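Asks: Sharing the feature lines straight out of Swiss-Prot:
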CROSSLNK  K38  SUMO3 cross-link
INTRAMEM  84-104  intramembrane segment
REGION    64-114  region 'Required for interaction with DAG1'
TOPO_DOM  1-83  topological domain 'Cytoplasmic'
TOPO_DOM  105-151  topological domain 'Cytoplasmic'
Amino acid sequence: MMAEEHTDLEAQIVKDIHFKEIDLVNRDPKNINEDIVKVDFEDVIAEPVGTYSFDGVWKVSYTTFTVSKYWCYRLLSTLLGVPLALLWGFLFACISFCHIWAVVPCIKSYLIEIQCISHIYSLCIRTFCNPLFAALGQVCSNIKVMLRKEV
């Protein structure tokens, strides 16, 4: 009985990961498009002082821009949204797969192999460079500099 409840709970957790509720009101909860895609009429078209068009033209232009942008986006998202979501899902799945099964193991392998080399390198530095720089430090420690200001 207890094992069945545990299995049901695991199945529920897996189901929740793949079928979570999405927010239809706030569709950018992490604000990834805050400054990039938000383009309004005033961001694109502006008339400097002294070169104004007729008020009616300005109002119709504003309405035309806003409505055409709105409906063009809706049309494009209707036609291309699902295929592009499929494409991006596939692409990020491939990237995740490569990262999990190729990149991380290569990095771990490299770190294991480089550890042996780093010990040898450290030994060489301590054996050859440390005495050399210590001797140079002793030689240069007796150098005295006097500054004299001549008037």
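Keep in mind that glycine also has a Cβ here, set from the backbone N, Cα and C atoms.
Note that the structure is predicted; figures quoted are calculated from it, not measured.
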Asks: Using DSSP and collapsing to three states, where does K38 (SUMO3 cross-link) fall: helix, strand or coil?
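Replies: Its secondary structure by DSSP: coil.
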Asks: Can you work out the mean pLDDT of the predicted model over the region 'Required for interaction with DAG1' (64-114)?
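Replies: Here the mean pLDDT over the region 'Required for interaction with DAG1' (64-114) amounts to 96.
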Asks: Go ahead and report the DSSP secondary structure tallies for the region 'Required for interaction with DAG1' (64-114): helix first, then strand, then coil.
Replies: 51 helix, 0 strand, 0 coil
Asks: Count the Cβ atoms, other than its own, that fall within 10 Å of the Cβ of K38 (SUMO3 cross-link), considering every protein chain shown.
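Replies: Counting Cβ neighbours of K38 (SUMO3 cross-link) within 10 Å gives 9.
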